[in-house]
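Trainee: Below are the structure tokens for one structure; questions will follow.
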Amino acid sequence: MTDPANPTDENATPTTPAQTESVPDPLSSAASSTPAPDSGQAASTPKERFMDEITKKRSLDDHEEEETLWEGGYSPKAMIGSWIGLAILSVVILVAAGFIEQLTFGIALIVIAVLWIMVGLNYAAKRLGVQYELTSQRFIHKTGILTRRTDRIEVIDISDVSYEQGPIQRMFKVGSISIISTDKSDPELELVGINNVGEVAGLIDDIRRAERRRRSIHIEQN
């Protein structure tokens, strides 16, 4: 039934705006289904992933400033025992010259002078020929006078640190430090005549442990 006020028939199909249906393009749909390569995607091979990790660690270390924590060498106090022993030997030689006819005072003085020169040259070689430096990342030791050799040990490669003192050395707080590491060039290194030997050995051990903790934290974060 048609409403007089509304001439539109109920059974008439309502007219709607024309709709344009797009036919999907198989090529475009295939292209959209293919995932786009991610520029930050991890390397496809284990070797490339390993190299990426090495690069990250190197770039991380490059941003950390290396700080010098200690520098030293052969301490003059380490020769005190030698000087005392040489002085006693000199007195003995002079006394012996008074009782031995073949040993005149002139010969005794020459022998004493030669001994003091030999000990002095030994001290100069140790004093000038060895130098050590400890940084927050490496332990550096230089040897030689005319020709100098420089070796570096990563503190993370140091596995054990110990020190030793004699009776006279304990009185003057000097001694020798022994460093054992996984470094192939210097697996065992001995530092002779170090002043404040206990403090220096403790500092090396503290830096070693701190560096290992730092590296382990970086590995866990990566």
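Yeah, the Cβs are placed from backbone N, Cα and C, and that goes for glycine too.
Dumping what TrEMBL says about this protein:
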type: COMPBIAS; residues: 8-22; note: compositional bias 'Polar residues'
type: COMPBIAS; residues: 24-39; note: compositional bias 'Low complexity'
type: COMPBIAS; residues: 46-61; note: compositional bias 'Basic and acidic residues'
type: DOMAIN; residues: 130-202; note: domain 'YdbS-like PH'
type: REGION; residues: 1-66; note: region 'Disordered'
type: TRANSMEM; residues: 80-100; note: transmembrane segment
type: TRANSMEM; residues: 106-125; note: transmembrane segment
Trainee: Under 8 Å between C-beta atoms and at least six residues away from its ends: which parts of the chain pack against the transmembrane segment (80-100)?
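Mentor: 107-108, 111-112, 115-116, 119, 123, 166, 168-169, 172.
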Trainee: Using DSSP, break the domain 'YdbS-like PH' (130-202) down into helix, strand and coil residues and give each count.
Mentor: 15 helix, 41 strand, 17 coil
Trainee: In this predicted model, what is the average pLDDT of the domain 'YdbS-like PH' (130-202)?
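Mentor: In the predicted model, the domain 'YdbS-like PH' (130-202) has a mean pLDDT of 93.
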